[in-house]
Every structure is written in structure tokens, then in C-alpha cells.
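Below you'll find the structure, written out as C-alpha cells, and then a few comments.
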There are 2 protein chains.
Amino acid sequence: MTTYDIALIGFGGVNRTLAQLIHDRGSSFVDELGFGLRVVAITDLRLGSLVKEDGIDLSVALRLGSGSETFADHGGSATPDNEHVIRNCSADIVCEATFTNPDDGEPAVSHVRWALESGKSVCTTNKGPVALRGPELTALAVRNGVHFEFEGAVMSGTPVIRLARKMFEGLKLDGFEGILNGTSNYVLGRMETGMELGKAITEAQELGYAEANPAADIEGFDVQLKVLILANELLGAGITLADVTRRGISELSAKEVKNAALAGRRWKLVGSAKRNPDGTVTAGVEPVALPLDHGLAGVSGATNAVSFATDLLGPVTVSGPGAGRLETAYALLSDIIAIHAAKAGVAAHA
Amino acid sequence: MTTYDIALIGFGGVNRTLAQLIHDRGSSFVDELGFGLRVVAITDLRLGSLVKEDGIDLSVALRLGSGSETFADHGGSATPDNEHVIRNCSADIVCEATFTNPDDGEPAVSHVRWALESGKSVCTTNKGPVALRGPELTALAVRNGVHFEFEGAVMSGTPVIRLARKMFEGLKLDGFEGILNGTSNYVLGRMETGMELGKAITEAQELGYAEANPAADIEGFDVQLKVLILANELLGAGITLADVTRRGISELSAKEVKNAALAGRRWKLVGSAKRNPDGTVTAGVEPVALPLDHGLAGVSGATNAVSFATDLLGPVTVSGPGAGRLETAYALLSDIIAIHAAKAGVAAHA
């Protein structure tokens with residue numbers, strides 16, 4: 001039986017939930033998925049780092065959190081030592097789930113690079129490295145004979161990138177339109193009832209949807225990164241962040257949104273890209289008043305969706321959760337499943 | 001390079017469109033998909049049959065149609081000779097697209113059986129054989145070392161069966177709800193504007209959506225077969241048609257549908273199945289007044305959709321075309337792509 005040794009970089013909500021899944025369901029993975037998972041390294045900004053070649057006791061690691069204990073109290077170090085751990089641990093696969101700095105993608109870009117350079121495959125749910133350094137990191141993975149997977153960077157566990165690649169073979173993909181930010185979509189839904197933007201944001205914050213600084217959601221920065229990922233990965237656009245135009249929803253008034261709803265149109269923050277006749281790709285983020293029969297008009301609340309424009313089928317739309325700890329942890333698991341399938345294919349060909 | 005020899009059983013809209021795709025795009029398939037396609041046999045109730053081991057000239061075959069010429073005028077026979085052609089032609093893959101008799105699935109069931117028995121893989125867009133004889137025919141395919149694929153039997157080219165199998169690995173599927181009939185969905189949409197059922201059906205017939213006898217669409221028989229397919233294939237339900245309860249939309253009045261819409265609910269004909277705590281599966285078709293924030297409420301016109309209930313992601317929904325010649329012909333192509341992938345995997349393992 002194949003067992004993959006895993007390193008968890010960042011032990012916040014996502015990787016902690018993945019560890020919980022491995023702890024609770026790991027033995028059924030063997031039967032259902034054909035491989036086992038063993039966590040051999042964990043690093044965390046607050047808890048430090050723990051490395052055990054023969055496997056970390058996850059029940060102990062999962063107990064650490066809000067208290068004062070760190071990994072130093074359990075045979076590890078009080079500091080994360082990310083570069084040392086990533087480069088030198090015995091992991092086959094590194095699950096990177098720290099945070100995204102939208103300017104340069106650090107520190108996640110370095111985490112991914114160290115792992116790929118040392119011959120380890122990487123799964124990440126971080127938009128930053130994929131949006132800002134995706135092609136470069138994929139090339140690095142190919143050179144080192146390992147894999148770089150990032151399904152969770154766009155719509156958490158809802159399959160989007162892999163769906164377009166695996167389910168649309170033989171089709172030409174001409175573009176996409178998506179609702180790629182649950183917070184702004186929730187806020188727009190509340191504004192349809194007449195609630196002002198500021199109050200709707202406060203409500204979203206109270207529900208845990210919106211960050212303390214809501215600009216990334218409301219001004220479209222989050223969607224801009226996701227559009228960049230989809231345009232480059234699925235349309236081969238070869239564009240950078242500056243090529244993705246961006247306008248958020250902060251200029252919309254509750255009255256405008258409500259009146260549109262009464263007139264049969266729903267304002268949505270739409271991220272889109274389309275291939276032009278000359279082969280270039282135009283991409284952007286902007287609020288659009290969609291007619292009710294548009295495939296994205298019915299996407300409510302925190303749900304995300306992408307509608308793909310295909311030549312033979314016309315629009316095909318997938319919708320599902322776009323965030324959440326469990327949903328995003330599943331994205332990492334789906335990446336590991338994809339790496340296993342690719343390795344099994346290579347082994348069979350050898 | 002791999003070339004698959006194809007037999008087209010039934011040369012109506014779907015297989016004719018597949019032939020046109022092969023004629024127009026066949027050379028690009030080699031680059032894009034890694035295989036070539038050559039049509040070596042065609043049978044048709046009206047045109048007869050044509051068999052050419054070194055490949056049929058599709059430009060000639062595609063010219064035949066409404067005129068009086070048959071395949072007998074081009075070196076073939078004026079009769080379809082289905083059993084003889086299917087059993088004895090040199091095809092690797094048989095594309096079955098005749099018609100569905102919803103009582104016993106014939107003659108499609110026999111077409112599929114003859115092909116599988118003679119060592120040929122089968123793609124079909126016919127609900128009948130899959131719904132009424134699916135597990136038996138799949139077992140026959142396995143015994144003969146060939147493939148039985150039928151993505152187009154549920155939502156034409158929109159991936160549903162393959163999507164659930166390939167994209168949800170590691171998830172538990174607890175059930176599904178779907179809008180699986182475009183005609184009834186179109187009719188309900190018109191009834192929301194106050195149009196009576198009969199008039200909406202006439203309009204759908206004029207637009208080419210509804211059959212001369214609309215009962216299969218309006219009374220839920222079509223959806224019943226599709227629910228049976230999804231329940232058995234995706235939930236392993238092991239049920240028969242009689243286990244799928246059925247109620248159509250003919251008892252709904254335009255007033256009721258319109259008033260619901262004004263009150264924020266949309267009547268939809270929903271086909272669904274769910275796994276019960278004891279492991280059994282309950283399945284049925286019935287009209288439901290969905291709240292506007294339900295994932296299926298916004299599915300308008302002739303669009304189809306299925307919402308899958310998963311343990312880790314909650315509902316994930318795919319929507320797209322549920323009918324159409326080009327869309328259904330693509331379903332056959334996607335089946336051939338899947339057969340190629342499976343054969344490549346087997347070859348690599350050998």
C-alpha cells in the first residue's frame with residue numbers, strides 16, 4: 001500500500017481541519033482512495049514546528065491551540081523554521097495553507113519554492129503563489145518531477161480548475177464568468193432588501209464571512225486574483241494582475257440594487273475573461289446587473305459559481321461553496337488524490 | 001497513433017452530428033485528444049446500412065437524408081441489418097443513438113447487447129438501455145473486457161455521471177436533486193407569466209422543445225428514467241423503475257404557478273434521490289415550489305441542472321444544456337474520450 005508522508009505548513013483552520021480528517025477518516029482513505037496519509041511535519045507561526053519521521057500523533061497536535069503550549073513542549077521547536085523544515089523533512093507532499101500577501105504572494109511563494117526545489121509535491125489553497133507566480137512554480141515542479149496542485153485557490157473544495165481540464169476535453173473554452181467572492185455576494189443580497197452597504201458589511205463580519213478589513217472582498221481584489229488564476233490556467237492567457245481590470249461594489253447604493261431587483265435584475269460582482277478573435281484574453285472584475293434568466297443571477301448568499309463558455313455545449317455552470325474550513329481542507333485532499341492518480345499513471349508507464 | 005473504428009447505429013440527429021464533427025474536426029482530434037476516429041459502419045431505419053472496413057466517406061453519407069437515395073445506392077443495403085452489422089463489422093466502438101422505448105428499452109437494449117457480446121465497446125445517448133438494463137449491460141461489458149458509456153443519457157453533453165465519479169472522490173454522496181427535463185421547465189417558466197399549461201405546451205412544441213405527445217415530458221416519465229439512472233449509477237441504489245415515484249406538472253394551474261412566483265417561490269419539476277439511514281435509497285419525481293435561494297430555483301428555460309448533496313462540501317450543482325443535437329453528439333465524443341483514457345491506462349498497466 002502507498003502511504004504519502006505529509007507536511008502541513010501553517011496550522012490554522014484549513015490544515016488543522018485536514019489533520020482532523022486524516023485523524024478521523026485516515027483508515028477509510030486506504031480502502032476508498034487506495035493510499036494512506038501520515039503527517040510527518042507541522043509548522044505554525046504561533047505553535048512553532050514539529051517533525052517526526054515516523055508520524056506525528058495528530059490527537060496531540062490537534063489539542064494544541066489557544067493555550068500557551070507550543071510544539072516545543074512536545075519534542076519540537078517554538079519557532080516555525082519553515083525553510084529548514086520544508087527543505088529537510090521526509091514529506092512527499094507539502095500542504096501549504098499559510099496566508100496570502102496579495103502584493104508578492106509571500107511567504108507562501110517561498111514555501112512552495114522550497115518544497116518543489118527539494119523534490120516535494122505541493123498542494124496549496126493560497127491564491128497568492130498561484131496568481132502571482134503560477135506558471136513559474138508549475139515549471140519548477142515539472143523540472144523537479146513533482147506536482148503543484150491548487151484547486152482550493154479559487155472556490156475552496158468546489159471543483160473548478162480540475163473540472164474544466166478533465167470534463168471539457170474535446171471542447172473549446174472561450175471564456176468564463178464567475179461569482180467568486182461569497183462576502184460581496186452576500187452583501188449584494190442584503191442590499192436587494194434595501195440594507196445599506198456599510199450595515200450589510202457589518203452583518204457579514206458578524207456572521208464571520210467578511211474580514212476586519214473588507215476591502216479585499218468589497219473592492220474586488222480577491223476576485224481579481226481568482227480571475228487571473230482561471231484566465232492563465234484555463235485560457236492560457238499569459239497575463240498579469242495589472243491586465244485584470246477591477247471595480248468593486250462600493251459605489252452601488254442600496255436603492256439602486258433594490259430597484260434593479262424589483263425590475264428583474266440582480267447586481268452581482270462578476271469576474272470574467274474571454275478569448276478575443278486575435279487570441280488575446282480580456283479579463284476583469286466589475287458589478288453587473290444580470291437579468292434573472294442569466295445562469296449566475298440565482299447564485300445567492302455565500303455560494304460561488306463559474307459559468308464556462310464552451311463551443312459545443314454553450315454555457316456550463318458549476319456552483320458550490322467558495323470558502324469554509326472543511327470545504328477548503330477537502331480541496332487539499334482532492335489535490336492529494338490528483339497527485340496519487342498522476343503518480344499511479346507514471347508508475348504504470350515506467 | 002491510435003485510430004478507433006466507429007459504427008453509428010441510427011443516423012438521425014445525434015449520430016449525424018457526430019459524423020459531421022468527425023468530418024469537420026477529425027484531424028484536430030488527433031492533436032488535441034491523441035486519437036483518430038474512422039466510421040466503418042452506419043445503419044439507419046430509413047437509409048439502410050453501409051459497411052466499409054477502410055472507412056466510409058462521410059461527405060457522401062452526410063448528403064443522404066430527406067431524398068430518396070439510400071445506402072443501397074452507395075454500395076450498401078437498403079435495410080439496416082442491425083444485428084448482422086453490429087456483430088460482424090470491424091468497429092472498436094459502437095455509437096448507439098436510435099430511440100428509447102420506455103417500456104423495455106428496445107431495440108436499443110439489443111443493439112447494445114450485440115455489440116458488447118461481440119467484443120465492441122458501446123457509447124449510447126439512449127436512456128432506455130441504461131435505466132432498464134444498466135447494471136446487466138455494464139456487467140456484460142466487464143465480462144467481455146470492453147466499455148459501456150452513457151454520459152449523454154441524462155443531460156446530453158453536460159457532464160453529470162462522470163463529474164460525480166471523477167470530481168467527488170473522497171466525498172460521500174448522500175443524494176441529488178435535479179431539473180432533468182427542459183420542456184417541463186420551459187413550460188413552468190411560461191406558466192409563471194400566467195400562461196395556461198396547454199398553451200405553454202403548444203408554444204414549446206412550436207419551438208421544437210416538446211414532442212407531439214408531450215406526456216413523457218409533462219407527466220415526468222422522462223425524468224423518472226433519468227432519476228433511475230443516477231440513483232443506480234451514483235448511489236448504488238439497486239432499484240427499478242417502479243421504485244421511483246412519479247408525479248408530473250399537469251395538475252398545476254397557471255394561477256398557482258404565477259402566485260407562487262409573486263410570493264418568491266418557483267415551481268420546478270424535481271427529480272431526486274436520497275440515501276436513508278438504513279442504506280436504502282428513496283427516489284422520485286414531483287413538482288416542488290422551491291424558495292428563490294434554492295440552488296435549482298434559478299435554472300430557467302430549457303437548461304437542466306443537478307445538485308449533489310455531499311458530506312464535506314454540502315450541495316454542489318452543475319447546470320447546462322440537457323438536450324440538443326450538437327450537445328448530445330458531444331456526449332458521445334466524451335464517452336469515446338473516456339474509453340480512450342481507460343484503454344491507455346490498461347495498456348500502460350499491461
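Glycine is treated like the rest: Cβ placed from N, Cα and C.
These come from TrEMBL:
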BINDING   A:LYS127  NADPH binding site
DOMAIN    A:159-337  domain 'Homoserine dehydrogenase catalytic'
BINDING   A:GLU211  L-homoserine binding site
ACT_SITE  A:LYS226  active site, proton donor
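Sequence features annotated in TrEMBL and their locations in the structure.
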{"residue": "A:LYS127", "record": "NADPH binding site", "DSSP class": "helix"}
{"residue": "A:GLU211", "record": "L-homoserine binding site", "DSSP class": "coil"}
{"residue": "A:LYS226", "record": "active site, proton donor", "DSSP class": "helix"}
Nearest-integer angstrom distance between the alpha carbons (Cα) of the residue listed as 'active site, proton donor' and A:GLU211 (L-homoserine binding site)
17
A:GLU211 (L-homoserine binding site) and A:LYS127 (NADPH binding site), compared by Cα position, are separated in whole Å by 16
Which of these recorded positions has the least crowded Cβ, counting other Cβ atoms within 10 Å: A:LYS127, A:GLU211, A:LYS226?
A:GLU211
What mean pLDDT does the predicted model reach across the domain 'Homoserine dehydrogenase catalytic' (A:159-337)?
95
